[in-house]
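Engineer: To start, I am sharing the structure in question, which I have written as structure tokens.
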Amino acid sequence: SSRTARSEEDRDSLWDAWGSWSECSRTCGGGASYSLRRCLSSKTCEGRNIRYRTCSNVDCPPEAGDFRAQQCSAHNDVKYQGQFYEWLPVPNDPDNPCSLKCQARGTALIVELAPKVLDGTRCYTESLDMCISGLCQIVGCDRQLGSAVKEDNCGVCNGDGSTCRLVRGQYKSQLSANKLDDTVVAIPYGSRQVRLILKGPDHLYLETKTLQGVNSENSLSTTGSFLVENSSIDFQKFPDKEILRMSGPLTADFTIKIHYAGAADSSVQFIFYQPIIHRWRETDFFPCSASCGGGYQLTSAECFDLRSNRVVADQYCHYYPENIKPKPKLQECNLDPCPASDGYKQIMPYDLYHPLPRWESTPWTACSSSCGGGIQSRSISCVEEDIQGHISPVEEWKCMYTPKMPVVQPCNIFDCPKWLAQEWSPCTVTCGQGLRYRVVLCLDHRGMHTGGCSPKTKPHIKEECIVSTPCYKPKEKLPLEAKLPWYKQAQEMEEGTAVSEEPSFIPEAWSTCSVTCGVGSQVRLVKCQVLLSFSQSVADLPIDECEGPKPVSQRPCYSGPCSGEATEYTPEEPEFLYGSLQEFDELYDWEYEGFTECSESCGGGKCKMFLCCI
């Protein structure tokens, strides 16, 4: 190894010192500069006599144009084969990317106008590699020659991809007579590597909005590459599909829309990297905990909006799982002894055994309202834990390295249960006086049948109706009101009481009829129950704890006539009898025949009821 070191020293000693760096080949966009050295030996020196470095690594203004295009246009004033042409660059030559090949506008003529492009010209349009002395040299994203460092998908040099997120999806068109276009996807400012593919007869178009609020639209009518709000767009239009690419970063908010152009459906697949625009930013140190004698001070983190350059609520940063809030830093401060003290105050550094001061909260109080919006509160205090684990309250400023937790919050913001009355049924008769029914439900904010509605505001489920056609009834017989399905449904809804926070009678379902034919009975269990709000469980109470009339636990039932019998069941239910009847000579009575099949299987339909007058 010592012999190798001496040989390298001998080799370098044959060279003169490196000269100063030359002027940069470009003023912006990345150029090249070189330095020379002279061989001092009469023999050949080992190594190179020239070295290069990058320079002017700042972006050029949009109006500066492409560097290769500038070199082509410099030949516009020079005749080629006796004729003037307007020359356009031919980039990305796979065989010789560092030669100046140009194409005459409006023709297929491509000519190599120079064997080498100027130093600093990009080898390829989508690469930082640059041509130096006619050779393509590798350039990393750190703008250093020979560097292999690359940008991540978020555009961060040597990054780990944590500053953006991949967005991938698919859109399918939904044709509508009243709809001419629709939004496919909104792509925010700063997004990269955007790619969309439309398959079908429809067409893509763009809407943009800059950070200054300027709106514009682009129809994407022809194939080509163009600029929209200084963002480069590559668009390809085929008979059966369209392809849109934007390398980014986008300089405005882009909304991709679809214009319906045919009867067939279209689909759009899209993928892009969306920047995380809300990032944690570490604050400066807070004031020292002591003015002398030794104290400590802490940092915090605040959520920062990269677009508006302002601090926003922490919830915006918590939205991104990739965002990890920095831990606070602690340092000692004001270590000089206090004037009244003749000793030095030792500072115990904070570590795992001596945690930082923190906010502590009491449990939330019960909500001030069970529905319709209320508030609940709690107490917040700053506490400190010593090495022995003892917790004691301290001044609030010691906890200000993290935001103070809210002391009040809304609760039970959902709407209170409300009565919902459905439509009235038709009158149960076609002549004289009858009844009509409706179902009245107590619905909560989710649309579920529940309890909790005020009985005082409940709409009635039954009312009288009069048909102008007179009916003739005998005096000695009182006709029963037809028990139609509307009343049965309303009665079942009435009985299906839900458990509430007030003690109430809760009947269970009726048992089956005690007989299979003729007159029998049904029974059910009626309990006194209450809903315990804190545990959301139901508790049984003694019967005398519930107020109001207890629902019946037994009722008669009729299972139809037994074989060989002609039994007629007429339950005695006074509430279904007419209060007064007039005397007539002839007897007419209604007989319920049933319903026709519903016109719809779901979503609401119609059916007819048949009543026979006998």
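Placed from the backbone N, Cα and C atoms, the Cβ positions cover glycine too.
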Engineer: Between C55, C60, C72, C98, work out which one TrEMBL annotates as bonded to C28 by a disulfide.
Structural biologist: C60
Engineer: Here are the disulfide-bonded residues: C24, C39, C45. Which has the lowest count of other Cβ atoms within 10 Å?
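Structural biologist: With the disulfide-bonded residues C24, C39, C45, fewest surrounding Cβ atoms within 10 Å: C39.
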Engineer: Does anything in the same chain, at least 6 positions from C55 (disulfide bond), have a Cβ under 8 Å from its Cβ, and if so what?
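Structural biologist: Once residues fewer than 6 apart are set aside, C55 (disulfide bond) is near W21, C24, S25, R26, G30, G31, A32, S33.
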Engineer: State the count of C-beta atoms found within 10 angstroms of the C-beta of C60 (disulfide bond), not counting that atom itself.
Structural biologist: 15
Engineer: Please list, for the domain 'ADAMTS/ADAMTS-like Spacer 1' (168-275), how many residues fall into helix, strand and coil according to DSSP.
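Structural biologist: The composition, in the requested order, is 0 helix, 67 strand, 41 coil.
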Engineer: Could you round the CA separation between C60 (disulfide bond) and C45 (disulfide bond) to a whole angstrom and send it over?
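Structural biologist: The Cα atom of C60 (disulfide bond) is 40 Å away from the Cα atom of C45 (disulfide bond).
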Engineer: DSSP on the domain 'ADAMTS/ADAMTS-like cysteine-rich' (82-164): how many residues come out helix, how many strand, how many coil?
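Structural biologist: DSSP classes over the domain 'ADAMTS/ADAMTS-like cysteine-rich' (82-164) add up to 0 helix, 27 strand, 56 coil.
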